[in-house]
């Protein structure tokens, strides 16, 4: 075997690895990437701004947002829905006017055809032996009647000259679907209302440190009951009555026994315990999906 046969480009088979590599480089097909720790947000960061929250609120599904960011998002969505609804109503009115115009034109054609048939009726008997009787009417008042024979095939082959400006086909506007009036959560896609947002109160590790000092620390908050450190590796939950953040271990071992909020003393239900969606640690065992996918056009032979 010569040296050329040992090169990586000398294979006669297009391997699976080469196909995946070329697909990723071309940009076609579904693109997959495994997220690293640098691409994962912290548990106390907003899902929109990806920054530590100053006034955090949580949705019933456990997604944390900055109050200002999520309210601005809801306001923007309502404006967008109003704009889409206005465009939909405008197109609907235009289509209704077009249908009325078509019905009016069809009615006029029907009346015109009826008048043409009425004017072609002969009021006196004709002599079958005269030349006028052969044509049915006088040469001066002759009306073109409908053809009795089969339709001409030449007319079917005649196509409109689409390159002439008067015969250029008109592009129809895209039909708009009626937009939904429901504002959805940007993360879960479920309906979201301002009344569904629950204020969250984190317990700082050191109450003497200001907010700027907390941001620079890796461990900023602790459980409101057990004082355990909170991080992406610690599953935690929010208690709806008080907004306190506690670990799931505390919920299972302490809170679920009496179902009482340890901060305010209010009775709790399963709906009042909101599991906080954390970003994960970057490891597969953290229980968080770390595989991102993006659908792209597919090139097929």
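From the backbone N, Cα and C atoms, a Cβ is placed for every residue, glycine too.
Cross-referencing 81-105, 106-130, 131-155 with Swiss-Prot places the feature region 'Disordered' at 131-155. Within the listed segments 34-54, 55-75, 160-180, Swiss-Prot records region 'U-box-like' for the stretch 55-75. For the motif 'Nuclear localization signal' (78-101), the number of residues in each DSSP class (helix H, G, I; strand E, B; coil) is 24 helix, 0 strand, 0 coil. Panel annotation: around the motif 'Nuclear localization signal' (78-101), residues 173, 175-181, 183 of the same chain, lying at least six beyond its termini, place a Cβ under 8 Å from a Cβ of the stretch. Look at residue 107 (phosphoserine): DSSP puts it in a helix.
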